[in-house]
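Working notes, beginning with the structure itself.
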Amino acid sequence: MAASPLISLSTLLILCTLAKATPPGLILTLVNNCPYTIWPAIQANAGHPVLERGGFSLSTLTHRSFSAPAAHWSGRIWARTGCSHSTNGHFSCATGDCGGRLECNGLGGAAPATLAQFVLHHGHADFSTYGVSLVDGFNVPMTVTPHEGKGTCPVVGCRADLLKTCPHALQVKGKPHGAVVGCKSGCAAFGTDELCCRNHYNSPHTCRASSYSEFFKHACPATFTYAHDSPSLMHECSAPKELKVIFCH
């Protein structure tokens with residue numbers, strides 16, 4: 001027997017009330033403005049859930065949105081570039097590779113890679129903290145753009161294409177044509193304790209900027225460029241509705 005119009009209308013009103021009572025939570029959106037396909041990767045910090053299986057393909061001029069965890073979460077997002085399946089089915093990327101997997105499922109990426117770092121849902125006012133790090137080098141321009149947050153919610157990141165100006169000693173060249181695909185950090189290039197802020201240099205007092213980190217800082221002042229760096233833009237962004245990670249912004 002068909003439901004009466006009165007019952008149907010009541011059900012609809014209840015559903016509408018529930019929808020208004022439970023607004024959508026924080027959305028993460030990854031946008032590919034690069035003129036080529038990238039393979040975004042997501043790594044959660046220990047104890048936090050993996051999002052979107054840790055990685056996927058994202059064609060040029062497309063985006064992908066998904067819900068962030070409703071509770072406290074921290075982790076990082078980066079782009080993998082130059083990825084392909086070989087004739088034997090092995091998947092690998094020129095930069096940012098996570099152990100030869102399409103879905104990283106918790107694995108980290110190979111340097112150099114531009115990293116977006118997040119700490120979501122923390123503090124007394126549901127803060128979202130975010131930043132862009134060049135401590136592990138650079139592979140694509142990237143910004144993090146918040147929407148509808150309260151407080152201080154700047155756009156941060158690195159819009160410059162540092163592959164064009166990367167010092168020769170830091171360049172990573174791809175195959176087969178030898179184009180520059182990444183720009184290493186001084187630590188990755190030379191491995192000294194001083195450049196890597198290890199051992200005696202592992203403190204805010206002894207870990208200092210170098211000529212190599214200054215190359216990154218000059219181009220992109222609102223980024224982390226060495227282990228104990230303090231970027232010029234700090235923020236306390238409360239309850240944003242969306243955080244966009246824009247590649248090649």
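Each residue, glycine too, has its Cβ placed from N, Cα and C.
Nobody curates TrEMBL annotations by hand; they come from automatic prediction.
For CYS248, the partner cysteine in a disulfide bond according to TrEMBL, taken from CYS34, CYS83, is CYS34. The disulfide entry in TrEMBL for CYS187 points, among CYS183, CYS196, to CYS196. Listed in TrEMBL as the disulfide partner of CYS183, from the options CYS166, CYS207, is CYS166. Each of CYS104, CYS153, CYS158, CYS197 is a candidate, yet TrEMBL gives the disulfide link of CYS237 to CYS153. For CYS98, the disulfide partner named by TrEMBL among CYS83, CYS104 is CYS104. Among the candidates CYS197, CYS207, CYS220, the disulfide partner that TrEMBL records for CYS158 is CYS220.
Nearest by CA distance to CYS248 (disulfide bond), out of the disulfide-bonded residues CYS98, CYS158, CYS183, CYS196, is CYS158.
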